[in-house]
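Let me begin by presenting the structure, written as structure tokens, before commenting on it.
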Amino acid sequence: MVERARRLGRWFLALDSLLVILGFFVVMPMISLRFVDQQGWAAGIVGLALGLRQLTQQGLGVLGGSLADKFGARPLIVGGMLLRAAGFASLAYAQSGLELILSCIISGLGGCLFDPPRAALVIKFTRPRQRGRYISLLMMLESAGAVVGALLGSWLLNFDFEYVCLLGAGLFVCAALCNLLILPPYKLSQRPTPIRAGLGQVLADKAFCRLVLILSGYYALWVQVMLIFPILVKQMAGTTTAVGWMYTLETAISLTLLYPLARYGEKHFKLENRLMAGVLLMTTGIGLVAFATTLPAVFVLLACFYLGIVIAEPARETLMTKLAQPGARGSYMGFSRLGLALGGMTGYVGGGALHDYANAQGQPWLPWLVLGTVGVTTLLLLVNCFHREPSLARVNI
């Protein structure tokens, strides 16, 4: 691929990511507020619905990636985004737990189609030395989109949840049209790869599979920004607007620190050390919420948590792209989402159930201590994994 095509591809992917993240954050953080806080549903039910969405999207991501290896990126991306739009639109009319679960699963099916090929396009449009920086820039752009989306969603939630869902659906329809009309029919692999062959190549890479599974603990922490963090902040502040403050804080940290930290980290630290440092900060931030009694204290710990994500996520994504084999990029990037599937499902369901149990028992600190323990366990497993598998660290050379 010529450099001009790579450069145009990077610009398109950046703008496309902004539309996708706007559509996602308009809707997703509002689901727990709508059904738990406003409607009085059990957090466990809402967590189950969100977890099944995560499990569907990321658990089937390896299938979406394999299909993209065979048929190319564009048809999977366009079809997946339209399916996501349908799922978000149906959320507006969910009146029971079953309807909420079905809407979330439809949304997840859309994601399992468009997410792996988009991740594989990052590999196609970047050279290895510039990939980490480009991923960091994408994360900065996505953070800005997240805060705008969350602020829009929290504002529209004051009027009607239907407006929230229809705006999110509309943004995904726009993204689908842009991909249909602008994105060339790129192939992701060096040659069309049979689905079974791509899957087999990934499953034979034991070190990669082990790392992906360990990272499910990282994601169990990460998804709490969609579930119990918004509930806690809203309850302590007394207004849904405070949820927007959460994402404003995240954006401020991302825009000011993400790129400089990523550049500094590239020069001075290995990818695995950056990843583990980020998990340590996330664990500290989420575990100490158990002892926070004021909203400012919660926001200080949120800042620590977000800083951990800012350090860990570029390193994690860069590590995944470097470990992906050229003959099965879509399959590798799809399988890399399995950790998010398992961790997201566990985090959503476990977080929601712990929230309900803690409220019933008068022990509001319990979910945060349990999540802190998950973080410590994940960190220890990562240390052991990188020690046992030097090949995972060798990609830094």
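Glycine is treated like the rest: Cβ placed from N, Cα and C.
Listed in Swiss-Prot:
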TRANSMEM  11-31  transmembrane segment
TRANSMEM  71-91  transmembrane segment
TRANSMEM  94-114  transmembrane segment
TRANSMEM  137-157  transmembrane segment
TRANSMEM  163-183  transmembrane segment
TRANSMEM  211-231  transmembrane segment
TRANSMEM  242-262  transmembrane segment
TRANSMEM  291-311  transmembrane segment
TRANSMEM  338-358  transmembrane segment
TRANSMEM  366-386  transmembrane segment
*Cβ-based contact of the transmembrane segment (366-386) with the transmembrane segment (94-114), 3 or more pairs under 8 Å*: no
*Any residues 6+ beyond the ends of the transmembrane segment (94-114) with a Cβ under 8 Å from its own?*
31, 35, 41, 45-46, 48-50, 52-61, 63-64, 67, 76-88, 172, 334
*State, in range form, which of 11-31, 137-157, 163-183, 211-231, 242-262 has the highest count of Cβ pairs under 8 Å to the transmembrane segment (291-311).*
242-262
*Any chance you could find the range in 71-91, 137-157, 163-183, 242-262 with the most Cβ pairs under 8 Å to the transmembrane segment (211-231)?*
242-262
*Most CB pairs under 8 Å with the transmembrane segment (137-157): which of 11-31, 71-91, 163-183, 242-262?*
11-31
*Counting Cβ pairs under 8 Å to the transmembrane segment (163-183), which of 11-31, 71-91, 242-262 comes out on top?*
71-91
*Taking residues 6+ outside the transmembrane segment (11-31), which of them lie with a CB under 8 Å of any CB in it?*
46, 49-50, 81, 84-85, 88, 91, 100, 118, 121-122, 125, 137-138, 141-142, 144-150, 152-154, 156-157, 161, 164-165, 167-172, 174-175, 178-179, 182-183, 225-226, 230, 243, 247
